[in-house]
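Enquirer: Under the heading domain 'PAS', TrEMBL lists 7-36, 128-184, 250-310, 372-402, 494-524. The annotation domain 'PAC' is assigned in TrEMBL to 63-117, 187-239, 309-361, 431-483, 553-605. Under the heading domain 'GGDEF', TrEMBL lists 637-769. TrEMBL lists 778-1027 with the feature domain 'EAL'.
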Amino acid sequence: MNRNFAVVAFDADGRIRRANNLFLRMFGYELDEIIGTDIATFARSESDPAVGAGQRVRPPTGRNAPATLRRLRKNGSEIWVEARYATIAGGEGREPETVAIVSDVTARKLQEWDERGQIEAINRSLAVVQFSANGIVLDANRIFLNIIGYELDEIVGRPYGLFVAPEEADGLAQAAFWEALAAGRHQAGEYRRIGKDGREVWLRSNCSPICDAAGQPIKIVEYAVDVTAERLRQAEYEWQVTAIQKSQAVISFDMHGSIVHANENFLRAMGYRLDEIVGRHHRLFVGPSHAHSVEYLRFWDDLKQGMHRSGQYKRIGKDGREVWLQATYNPVFDMGGRPTRVVEYATVITADKLQQAEYEGQIAAIHKSQCVVSFALDGTILDANDNFLQLTGYRYAEILGRHHRIFVEEAEANGESYRQFWRTLGEGQHRSGEFKRIGNDGREIWLQASYNPIFDPDGRPYKVVKFAADISAEKLRQAENAGQIEAINKAQGVLAMTLDGIILEANESLLATFGFAAADVIGRHHSMLVEPGHAATAEYREFWNRLRSGTFHKGMYKRIGRDGRELWLQASYNPILDLNGRPYKIVKYATDVTQNVEMAAAFENAKRQAQHDAATSLPNRSRLASFMSGALPHAAARLAVLYIDLDDFKPINDAFGHSVGDRVLGEVADRFRRILKDDQMIARVGGDEFVIAAPNLSEDEIDALCRRLLDACAAAVHHENGDLKVGASVGVAVAPQDGTTPDDLLRAADTALARSKQNGRGTYSFFGAAMNDRIAMHRALIHEMRHGITAGEFFLEYQPRFDTRAGTVRSVEALVRWSHPERGRIAPGDFIPLAERSGLIVPLGRWILETACRMAVLLPQIGISVNVSPVQFRDDMLVETVEAALRQTGLAPGRLELEITEGVLLEDAERARATLDRLKQLGVKLAIDDFGTGYSSMSYLCDYPFDVIKIDRKFISGIDGSENGKAVVQAILSLGKALGLSTTAEGVETDSQLAALAADHCHEVQGFLLSRPVPPERLPQILAKANGLPNRGGETLSPVRAA
């Protein structure tokens, strides 16, 4: 039967013969449940027309018109269907049957109801307006007309834009609204409309396109509710909520108590970050015992029922401290009146709890140590403790009911600032500080006091409690200190500043030091006394940040006087703290030490002249000896001493005079100095002789340094009489093998220098014969390698890599070999490091890449892997070299894999990422080689576009050694799987290693167990034999070995 329609066939008696899967799914039956049953099974009730013989569906005659019927599914739910019937005549003894093709039209039927019966009901309760698809008003009910203020004949035939504000008519929102309706899409929302009298009307509307049979909108019906009043209330509510959010702690929860959001005030009060609490339950802030109490469960049950809760609540902050909140928990309801979330508005009243009389235990302790007095919001005294009465000299009855002003001087009590003081307290604002008050006997009393508004359960202040400590004695001590400071003022420069660096006052001593008058500096910033360049630095800004935080500073500072001269001050910057321990100004005490600094500078200059050469400004032999003596104990590995003698310098000195000779020496010294690192020293030890001391260099690094020195010296020195050329010879001694004292090393280096001179100048020699021979050998190999690249002495061998699933060779790794005509076959470990140091690896690597790609084209069923040296990777032309090799050989980029070591990613991560991205764009695969042997390997896999992890052989060898070794390999394989990367193991040498890698789903393996590297002509044979590896499943492995 047709698979695209629901089809059922039944005989003349209405018994079902067959039905397709769509029909069965539509009605929820299995086929064996309905075969042979009456078609009336699907009728809705006994009164349904489809029941009974007289009403059975019979084969239609004439035109086959569809019938729309209400039917029942197996689960009892109703379904409306449209059915077409056709009769199929019987033949050869078969009875005729009727076939019904059935469509589900339930949705269409419901829509028809919506357009008929329900519209009338809606018309009686909602505002309804109808307009054409192009926006012309067709009709409107009385509710709509009353809202908008028009009569029907005033709007019919006019455009709907009549109700839209002019500034919105041509806006993008209106264009999108009409575009959606024209496309037949339903639109709903709240819309601003304009009534006949110009007033704004807000409608919550549903605009429903009515479409013809072709699905094209023919008119729009808008159902609307007037929400103008609601919008006004909402605007007022939003304004109030914004004000509350700024002043109160606010947090919201879903109806299960899970935290949805919290504002900064709440987070600050509880000590959390937002990401630490979102999604967690409200009980996070509740003590464990209370969280499981009946009271707490009832609290949330009430909220879930939509009940409002308010009061004072003890909560627990992140650091475990108690936080008291005056809070209201407000359920928020949806349009159906169901609570959807809870919003808590809270004020932190922890301090108030300590101050309220209800908290008797704590208040009692405060009462014993402090003066406490409480007032009404207008300042009327309500209560006072014995400490306060004793301090002020009053009896309780003398102050009760009187105003706070009895403790204030008359002039202050009548001032506006005093009235404002009480207004702010009445508004619930806390005030604290030092206050001068008057006792009963007229004496002055100084108080460190805080005035704390106390709030009722609705968050309104109803009284003020004052806590005070007598600081009169402290004030007397301050006065005494002021006298001492006056004495300091006479001896030192003193400058007082605000926390922002604005100068408040300066004494005569400081003004005289800088040459300013008081009017020149008061009100200006401290930076006027500082060099402009330094004043703009982050260091200077941080200096003031630390002072503002209360950090004391002292030291020697360079400042600038009025006449621009440099001044040196020995100064201290002292943050001055109030009684609450907060800094409120900075006082600087300074002594002018400019003369001392200048004398010290003169001494240092004389000392420098004694230790430096005048012509070249380089250290002299004495300074060199000190440096070497200090370096030798700390350079256990080695200290290289290079003795340099300039060749052909004496003729220049004789011909052009000492002044020109000194210029040549200075130029050469600058060249040498630019080559050296910070921990290396060069000194001039004679007329044309220099010595370099360089700690912790390898033989190759010493060799490279010697070559750079000779190259630097070979360049001509420009002179008005023409270019002057000098050369150099170098002798090298290395501690500890050539000596352990400065004198020993200098003698050894001088001996090696003599050998260089004997060898024809322009060369360098080592004092130690063995090192000299090794360096000479390296130089010879580099020279021969350069010739060997062009002479075809290098060739490639290929090591197969086997698929552990299929047992086939998936790819091969290209490995370079050198067949020297005289030395024979040279190991890669002997020539590749030299190629990298000399830069020859770049042309050699280019030849390897091209040769490997050319070979891979001849074996199209496998991939080719090529190592990229770190030196190659740094080559600016690497990507172009790879692209050229692919283009010239015709190799598909996806078959080429480039192996990159982790080390290249450490040097310049941004440049490395750019190079890898460009290589990836070529379509080649990228493998991270020797994975796990470098640093931050995990981050490389995540941050760089690698395709393959290549597991280093040292990890593979660990499989046989211990469970830990096996676990490391399993972890790398799991990591590769998690990141979707292929994995290759190198150095597989035992059957147990191979079995473990196959069992743990390593994709590729290579090693001597499977095949040694072979010449290209052997690869076809290897490929033919590569059928011994099993599927992953733990079977015995039979690797293919190549001789």
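Yeah, the Cβs are placed from backbone N, Cα and C, and that goes for glycine too.
Note that the structure is a prediction, hence the values are computed from the model and not measured.
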Enquirer: Can you work out whether the domain 'PAC' (431-483) touches the domain 'PAC' (553-605), with the criterion being 3+ CB pairs under 8 Å where the paired residues are 6 or more apart along the chain?
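Expert: Since 3 or more Cβ pairs under 8 Å link them, the domain 'PAC' (431-483) and the domain 'PAC' (553-605) do come into contact.
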Enquirer: Is the domain 'PAS' (494-524) packed against any residues at least 6 beyond its ends, judged by a Cβ distance under 8 Å, and which are they?
Expert: 485, 488, 544, 547-548, 559, 561-563, 567, 569, 583-590, 592
Enquirer: With DSSP helix as H/G/I and strand as E/B, how many residues of the domain 'GGDEF' (637-769) fall in helix, strand and coil?
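Expert: Tallied per class, the domain 'GGDEF' (637-769) gives 60 helix, 34 strand, 39 coil.
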Enquirer: Just to be sure I understand, if DSSP states are collapsed into helix, strand and coil, how many residues of the domain 'PAS' (128-184) fall in each?
Expert: 30 helix, 11 strand, 16 coil
